[in-house]
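What Swiss-Prot records for this protein:
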COMPBIAS  27-45  compositional bias 'Low complexity'
COMPBIAS  102-131  compositional bias 'Pro residues'
COMPBIAS  247-265  compositional bias 'Polar residues'
COMPBIAS  300-309  compositional bias 'Basic and acidic residues'
DOMAIN    352-411  domain 'LIM zinc-binding 1'
DOMAIN    412-471  domain 'LIM zinc-binding 2'
DOMAIN    472-538  domain 'LIM zinc-binding 3'
REGION    22-319  region 'Disordered'
C-alpha cells in the first residue's frame, strides 16, 4: 500500500487506470478475488482541502470519490505539483487483500449515471504486449517508455466537472490484478505507474464496458470495421467534460483504443451496476458474445451465394399439362414405330436356309444349323411343327422335333426299346450298354472281347470256346487259348485234334515235333508213333 504522504500518487493512479482500460480485456491475465483495503488518506486531499482521510459512506461524498470519465481529476492539481511515487512492493496487493471481507451491497442509486461516450469501441483483438505496470494501471503505448514524465503530460489540463454528480458508491474492489508475466526493465525506483486507488476498482467492476470518448482536438481517427450503436446517455451527466491531451500522446491514445476494442458496448437507456462478484473473466467474455453479428453476416453471404443453386430445382417440380401432352405424343409415336416397323430390304447374303428368300433386318429370324431361317420356315422336317424356342435334333442337317426324332432312333436288339441315350453297335445290331452281355454268363461285354456264334449271339471268349472249341483226342478237353493269349494253338494229325502237350508217341510217350523230320510223327495203322516205335511195330507185323 502506498504511503499516506503522497496524495499525488493516488491522483496519478486514477488517471492511469482510466487510460489503460483496454488492459482489462487481456484474456491471458488471471486475477485473484481480492478486496482493496480502505484508504487512510483522501486521494483528492491537497494542502487547502479539509476533507476527512477516511472513505465516506455511500452518498454525495462517495460520489465525489468516484471517477466516471477518463482523466477527471481536481482542477487545482496539475502535473507539475505531483512528484513521482515510489513503486509498490511486489505482492503487496495480494497479501493484504486476501484477509479482507466483502462489504455489504450498496444502496440504490439516487442519481443517474454520467453520459455515455459519443462512440463505442469494438471488442479487443488478441492481447497486447505486456507493459511495465504490475496491475490494471496505465499501459504505456509503444514509443512512450523512454521518459518518466511522458505519462503525466496529458494530466495537466484536465477538468473534473462531472465527478461530483457520479452516483456510483465507492465500495471496495473485489479483484486486484496480478502483476503481468513480463517485468519491466526499469529499476523499481523509476516506475511511474503506482498501485490503483481503492475507489477505481468499483468503477471498473460496475462499468466494465464503459468506453472513453475521443478528444475533440484529435484529427481524423481510423474507423473500425464494425461500429455498434452508442450507449444511451444518462440525463444527469454533463456532456461538456472533455480531457485535452498533450500533442505527444494525442495520436497514440486513440490508436491504442481503436486497435484494442472491436466489440460494441452494451446499449440501453441506463447503465445498470454489476454485482460485486463480476470478474474480469466475465468482462472479457462479453465482447466475444457480441462478436456474433460478424459470422452471421458471413453465413448470410454464404446463403446468398448458395441461393442460385437452390432456386432452380425445377426438375423436381410437377410437370405442366403441356409437358405431359408432349410426353404422351412421344410415347404413342414410339409404340407405333415398334408395332409397324418400316420395311428394310435385306442384303443378298442373308437368305433363309429353307425357302432361300431374303431376310429383313426388322423381322424376327431364327439362327440354327449355321443358317438363318424365317420363323415360319424353321419347322420339323417330318411333322412340320414350328421349332422356334423348342428343342430340336439334327439328323443329317435336318431339324426334327423330339417325337419325330425318337421315331428315327435305333431299337435295342435285346429289349426292343428305343435307344435315346448311349448306344452300342455290334454284329449289325444296336444295343443298350447294359443289354449287350454274354448269352451264357450274362457278363457285360462293353469294352471286352466277344465272339458271336452262328445265331449272331454274343459270347465271351471263355464261354464260346467251352461251347464251340474242338476237343483234344487225348484228354477230351476243349482246345482253348492259353491264359493271357487270344490265339488258340492246336495240332491236327490223322484228322484228330491235339493239344501241344498231348501230341506224343502212343507207345513210348515221346513228344513229337510238328515238323516233318526224324522227330516227327510216323503214323502206323492210325496210331501216332515216333520213328523207333514205328520200326518196331512194323517188324513185328511182318
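Just so you know, glycine gets a Cβ as well, placed from its N, Cα and C.
Given the structure is predicted, the values throughout are model-derived calculations rather than measurements.
Looking just at the domain 'LIM zinc-binding 3' (472-538), the mean pLDDT is 84.
Counting residue by residue with DSSP, the domain 'LIM zinc-binding 3' (472-538) contains 8 helix, 11 strand, 48 coil.
When the domain 'LIM zinc-binding 1' (352-411) is classified with DSSP, helix, strand and coil residues number 6 helix, 17 strand, 37 coil.
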